[in-house]
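A.B. asks: Sharing the record's features from Swiss-Prot:
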type: REGION; residues: 44-156; note: region 'Disordered'
type: COMPBIAS; residues: 48-65; note: compositional bias 'Low complexity'
type: COMPBIAS; residues: 89-115; note: compositional bias 'Basic and acidic residues'
type: COMPBIAS; residues: 124-146; note: compositional bias 'Basic and acidic residues'
type: COMPBIAS; residues: 147-156; note: compositional bias 'Polar residues'
Amino acid sequence: MSDPFGEENVEITEEFVEGDINENDLIDGNVEYVDGNGISFETTTFDNSNNNNNNNNHNNNSYNSGFDGDLSSVDGDMKPKETAPAMREYLEKHEKEMQEKKKKSEEKRQKKIAEAKQSLDNFYSEREAKKKTALKNNRDHNKSLETDSTSGNTTHTWESVVSMIDLQAKPNPANKDTSRMREILIRLKNQPIV
């Protein structure tokens with residue numbers, strides 16, 4: 001057989017799927033099936049040479065003449081063979097590894113959940129502390145403003161307005177330029193509108 005890619009010796013392998021076995025190719029008539037758990041089943045097939053010799057004879061004896069042993073149906077009447085020790089050892093080892101992996105994964109998950117809860121608790125406690133401090137600072141500032149306004153130190157309101165702002169602050173490029181507003185407030189303080 002020639003290969004389109006230039007290799008002369010090409011080995012052809014076939015995989016048999018259940019039901020695809022050619023009984024003429026079997027030597028001893030036994031077929032071994034392996035289920036998903038690694039348990040193998042062995043079934044016996046009919047001898048085709050005897051069936052072909054007696055195919056004109058409709059007697060049941062000719063049908064059963066090539067049959068050696070009892071026929072096991074695929075419906076589940078088969079008796080499972082013992083799993084090979086190496087396969088059993090591998091399956092046990094694999095199962096243990098999967099259980100350990102699952103256990104470690106669950107431990108990591110619980111650890112992440114605990115860390116997330118702790119992080120949320122810290123965030124909320126810091127937030128509450130900041131809110132309380134800001135509230136206290138605002139109350140103190142309002143009290144100082146009230147005492148200044150009731151003390152009567154200023155003769156008119158524009159002086160009190162100018163005292164609330166920082167006249168020495170330099171303009172910040174990120175913020176709007178407030179130099180014009182400061183200039184207006186200083187003029188009003190010096191020459192109040194009557």
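For all residues, glycine too, the Cβ spot is worked out from N, Cα and C.
The model shown is predicted, which means the values in this text are computed figures rather than measured ones.
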A.B. asks: In the compositional bias 'Basic and acidic residues' (89-115), how many residues does DSSP assign to helix, to strand and to coil?
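C.D. replies: Residue counts for the compositional bias 'Basic and acidic residues' (89-115) by secondary structure: 27 helix, 0 strand, 0 coil.
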A.B. asks: Just give the helix, strand and coil counts over the compositional bias 'Basic and acidic residues' (124-146), going by DSSP.
C.D. replies: 23 helix, 0 strand, 0 coil
